[in-house]
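Student: Swiss-Prot lists 9-29, 49-69, 77-97, 100-120, 135-155, 167-187, 216-236, 252-272, 283-303, 308-328, 340-360, 373-393 with the feature transmembrane segment, giving sequence analysis as the kind of evidence.
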Amino acid sequence: MRTSPRMKWFVLLFTFVFAIGMNSFRNSFQFFMLPMADAFHADRSLISVSVSIFMITTGIVQFFVGFFIDRFSVRKIMALGAVCISASFLVLPYSPNVHVFSAIYGVLGGIGYSCAVGVTTQYFISCWFDTHKGLALAILTNANSAGLLLLSPIWAAAPYHAGWQSTYTILGIVMAAVLLPLLVFGMKHPPHAQAETVKKSYDWRGFWNVMKQSRLIHILYFGVFTCGFTMGIIDAHLVPILKDAHVSHVNGMMAAFGAFIIIGGLLAGWLSDLLGSRSVMLSILFFIRLLSLICLLIPILGIHHSDLWYFGFILLFGLSYTGVIPLTAASISESYQTGLIGSLLGINFFIHQVAGALSVYAGGLFFDMTHGYLLIVAVCIVFVGLSAVIELVPFLDKQKAKETHHSI
């Protein structure tokens, strides 16, 4: 079946809008966190459990979604995800307590999110684009950030004007009445299906050799753990951090954060190609993230109180936010045999999500213990500093190997 050359760009636009809607499920949480905690008479560590469960669920489910795509229609999997997200939004307001809320948000919402976006949308767009594939995927990746940029003012105002329960109900209706039809009628099936099938045998020996002996994979996985740990705490606790510090224009800060995430994500891929080294770019990203955390640490320690420190954090953390995952994935795909890449990427995503889940809960727990975020920020600084250094090791190894080769 032949389609208009313009059709793929319309499909990308519809998928972009679809992804913004699905990402609203997790992006809106931090804006509703404090009102929800008050409604359930829960502290921050307890309400944060829902996000931890969500991140663990998505980490596990995304590992298997790629295999399901090869057996079932990707659009059916995305539709299942959209139904689960819509159902979660509609049921959550009727949760009798925080434990039921956490189970619904974390498990049902996590399954829905994993099926609706991520591996599925990337696969879907890859099937549509034979050319301009890199640009298309880069645009799609920024749907989450665009949603944060565009919708932050709504998320900030909604729980205090309409209430979080009514807001969730409205979102559930929008998912079912707008985004599901958009998927069915706008996001058409790709003109040609992927011919590849799941391998019947798996190279377990090669897999375990890589896991046990490859220093590169250990370094990349540590970096991904650091990325997930620092992103998790910021995704769930940034708005409470800013409000506790009485920062003015929190809504504007969050919108700017989304803009910096988009800019940083696009720049990271371009610069890594320009530098010719994923490792160097990863190190640079972690160094930028280290500077951002230092900006956050200064007002927390009481050294100097100014909104500019928080803006500096928003700027630098935003620029380093999305680059680590795609560059790590690129490094894995360029360094290991094809038959192992899917599993290695699945573990990569799982580590990222588990690290995020740990930090979300730890951030709430440390706050309840110390009434501040100093301890969790200090832990993040240690992880990021280590990652900024060790990500350079593969680059230095290559330079050393080149020098040895030339000397011979």
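Cβ coordinates come from backbone N, Cα and C, glycine included.
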Student: Please give the sequence-distant neighbours of the transmembrane segment (373-393): residues at least 6 beyond its ends with Cβ less than 8 Å from one of its Cβ atoms.
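Tutor: Here the qualifying positions are 215, 219, 222-223, 225-227, 229-230, 233, 237, 241, 244, 279-280, 282-283, 286-287, 289-290, 293-294, 296-297, 300-301, 359, 362-363, 366-367.
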Student: If you count Cβ pairs under 8 Å, which stretch among 49-69, 77-97, 100-120, 167-187, 252-272 touches the transmembrane segment (308-328) the most?
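Tutor: Going through each listed stretch, the top one turns out to be 252-272.
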Student: Before we move on, state whether the transmembrane segment (49-69) and the transmembrane segment (100-120) share at least 3 Cβ pairs under 8 Å, counting only pairs 6 or more apart in sequence.
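Tutor: Yes, the stretches contact each other.
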Student: Going along the chain, which residues at least six beyond the ends of the transmembrane segment (135-155) come within the CB cut-off of under 8 Å?
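Tutor: Residues 8, 12, 15-16, 19-21, 23-24, 27-28, 31-32, 117, 121-122, 125-126, 128-129, 251, 254-255, 257-259, 261-262, 265-266, 269, 321-322, 326 contact the transmembrane segment (135-155) from elsewhere in the chain.
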Student: If you count every Cβ pair below 8 Å, which range out of 77-97, 100-120, 167-187 shares the most with the transmembrane segment (9-29)?
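Tutor: The stretch with the most contacts is 167-187.
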Student: With pairs fewer than 6 apart in sequence excluded, do the transmembrane segment (340-360) and the transmembrane segment (167-187) have three or more C-beta pairs that lie under 8 Å?
Tutor: no
Student: For the transmembrane segment (340-360), what are the same-chain contacts with Cβ under 8 Å, counting residues 6+ beyond its ends?
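Tutor: Residues packing against the transmembrane segment (340-360) from afar: 48, 51-56, 58-60, 62-64, 66, 202-203, 206-207, 210, 217, 220-221, 224-233, 235-237, 325, 328-329, 332-333, 376, 380.
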